[in-house]
């Protein structure tokens, strides 16, 4: 499949009490990839929530990825996103198979992106591009990096970090394939607004 469009990432605290309803609202608006991101140690809840997301993704034809847990991804038969502290990519590829989508966090480093590509990544993720609630201390990236990555890395490029409808367009214009969004999507007050935002993010790729 072509990896291009909105990359929605969940936040269990942000979505407390409205987890599946707001995720489904996003899927209604159109989501290319959905990442389940939960940093707690509650394995039973994480499995339950991931299974719920998998059912929704199957209904809407969206690819599900698990953040930082290749074993859970393998159990569900879905993809995984790995950060630089989550272990090497090669064992995850061996575990999940050739067809699985595996993403790699590359911060603001072309060297990390090249390494990820050589290890079998499906896409590389750069960021943060703007002030981020989720990762305030992450190294900053800029659109110049995107242009260099587009020329050097032959993989889809995801961008993350404080992305909203007000600042996303230049990232797409400079080569981003995937807009990875958490608060800019799920911070909406209503499910209807989540759907509207999802559609608006996707519209940036249509021009």
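Heads up, residue numbers simply count up from 1 along the chain you see.
Yeah, the Cβs are placed from backbone N, Cα and C, and that goes for glycine too.
On a predicted model such as this, the values are computed, not experimentally measured, just so you know.
What Swiss-Prot records for this protein:
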type    : residues                         : note
BINDING : 35, 36, 37, 38, 39, 67, 105, 135 : 4-amino-2-methyl-5-(diphosphooxymethyl)pyrimidine binding site
BINDING : 68, 86                           : Mg(2+) binding site
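Considering only the binding-site residues 68, 86, the Cβ with the fewest other Cβ atoms within 10 Å is that of 86.
Residue 38 (4-amino-2-methyl-5-(diphosphooxymethyl)pyrimidine binding site) sits 9 Å from residue 68 (Mg(2+) binding site), counting Cα to Cα.
All protein chains considered, the CB of residue 105 (4-amino-2-methyl-5-(diphosphooxymethyl)pyrimidine binding site) has 24 other CB atoms within 10 Å. All protein chains included, residue 36 (4-amino-2-methyl-5-(diphosphooxymethyl)pyrimidine binding site) registers 27 other Cβ atoms within 10 Å of its own Cβ. Minimal Cβ crowding within 10 Å, among the binding-site residues 37, 39, is found at 39.
Residue 38 (4-amino-2-methyl-5-(diphosphooxymethyl)pyrimidine binding site) has a Cβ environment of 19 other Cβ atoms inside 10 Å. Within 10 Å (C-alpha to C-alpha) of residue 86 (Mg(2+) binding site) lie the following binding-site residues from 35, 36, 67: 67. When Cβ neighbours within 10 Å are tallied across all protein chains shown, the highest count among the binding-site residues 35, 67 belongs to 35.
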